[in-house]
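Visitor: Sharing a structure here in structure tokens format.
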């Protein structure tokens, strides 16, 4: 095999190794819980993962710390709860 072929093979194996962990990641179990909408402190805008729609949705979070399915931003929600297949 030529040195160019070996470099190509090495590059493909490296790419595969880098992408494999991301593609098999599962979401956190808290992402399947309903949002806690009780009011305990100041109400702030937050996001929760809605499994039936497979997306993050904005809601009013009252600071009760009911479960882990509340995030300060849509980006954080998506990073934690979206599955990568």
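Cβ atoms are placed via backbone N, Cα and C, with glycine included.
Okay, these came from Swiss-Prot:
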{"type": "DISULFID", "residues": "31-81", "note": "disulfide bond"}
{"type": "DISULFID", "residues": "40-64", "note": "disulfide bond"}
{"type": "DISULFID", "residues": "56-77", "note": "disulfide bond"}
{"type": "DOMAIN", "residues": "31-81", "note": "domain 'BPTI/Kunitz inhibitor'"}
{"type": "SIGNAL", "residues": "1-24", "note": "signal peptide"}
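Walk me through the surroundings of each of these features.
Guide: Look at residue 31 (disulfide bond): DSSP puts it in a helix. Taking a C-beta cut-off of under 8 Å and a sequence gap of six or more, residue 31 (disulfide bond) has these contacts in its own chain: 49, 51, 68, 69, 80, 81.
If you take the C-beta of residue 64 (disulfide bond) and look for same-chain residues 6 or more apart in sequence within under 8 angstroms, you find 36, 38, 39, 40, 41.
Sequence-distant contacts of residue 56 (disulfide bond), defined by Cβ-Cβ distance under 8 angstroms and a gap of at least six in the same chain, are 47, 48, 49, 50, 71, 74, 77, 78, 81, 82.
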Visitor: Please report the three-state DSSP label of residue 56 (disulfide bond).
Guide: strand
